[in-house]
Amino acid sequence: MGKTKINSDIGGPGIRFAIWAQEIVLIIISIIGSFHNNATGVKEIGAGLGITHISLAIALLVEMTKKSEKGSPDRQLSAADAILGAMILDSQNMALSLPLVAKETLASRWQVGATVFCQAFGLVLLGVVTSLFSSGGFATNPASKSNRRYSDCEHISVAWWGWLNNGATDKAWSEVDTFWVYYACRVLIFLQSSFHSLYNTQKFHEAERYGTSLGDITFPAPVEKWSAWELLYRKLSSDTERKYEKHRTTVSLMYVVYGVFSLGSLAAAEKAFKSFKPQENDEFSVGQVIAVVVAGVTMLRGLWLLHRMYIYRNGRVTPQLRWPQWLKFWK
């Protein structure tokens, strides 16, 4: 693969740092949420990630529709920027499912709907961009006057759940099939995530606002250890309802799958970044500065969350966490 220069607003160090920070903090918060039932900052961080995701999707879409020069068949978006943007888009898209397994996000109906819409839009655009890239639909150098296609010039290959190549070689077409298998898996994960979140959001909203029972939600109930007398009492009394405030903050272990896929695509993008030319100047662009500021706020919110997980009593720090019964491997 040649040393092709990339857009600093897509592959700059500030952009990459911001994405890593947002996703890692979301994963850590989701893990910790399995051990307590307090409110966290996952809803706010998820909203910020959603704004970043839809902004990148719109930027890619606009660049795809522009021509590099008047009368030129080339799109303004280069092949390198397109495939790296698609990798980042996929990573963010998968990470957006993390807030959807947090009870405070599920209690916010508008955010659930907006998140599902952002994911659907990004997932469709992801397929379009990758399809155009693998078929040689982006120019080598959109600013040049040669109007040459990538298929006539330098080939770009990236490892992303299979080797993707913008040329028409046999290897490229055989490897791109692997990506489409992954894409089909992503669609299934999106359908599963969106179904559960949209189906349960009204119940979580009412339970948080009015103190009603969560009722028959599709997420598994927390497993607790009860004695025989306690079980009998709960069956005979009305204390069998699933209360919002007593439910674990993270309502499903699917965050493990979401985290693995999101970090996998981000790691593939990081690997591809190193194969391209570094930027000629080291100055941060406006987009990178904004991304770093957002990441900084995200990390501060995560640290505040960790601080809230502890109670100070008589000068001692006591963890406010409880190991769930379904994760106990001993008696």
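Every residue number used here counts from 1 along the chain in the order it is shown.
Every residue gets a Cβ built from N, Cα and C, even glycine.
Annotated features in TrEMBL:
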type     : residues : note
TRANSMEM : 20-39    : transmembrane segment
TRANSMEM : 45-62    : transmembrane segment
TRANSMEM : 114-139  : transmembrane segment
TRANSMEM : 251-269  : transmembrane segment
TRANSMEM : 289-306  : transmembrane segment
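Here the transmembrane segment (20-39) does not lie next to the transmembrane segment (114-139) in space: the count of CB pairs under 8 Å, restricted to residues six or more apart, is fewer than 3. Contact between the transmembrane segment (289-306) and the transmembrane segment (45-62) holds: at least three of their C-beta pairs are under 8 Å, each pair 6 or more apart in sequence. Listed by sequence, the residues of this chain that lie at least six past the ends of the transmembrane segment (251-269) yet keep a Cβ under 8 A from its Cβ atoms are 16, 19-20, 23, 27, 30-31, 34, 84, 87-88, 90-92, 94-95, 97-98, 101-103, 106, 158-161, 186, 189, 192-193, 196, 219-220.
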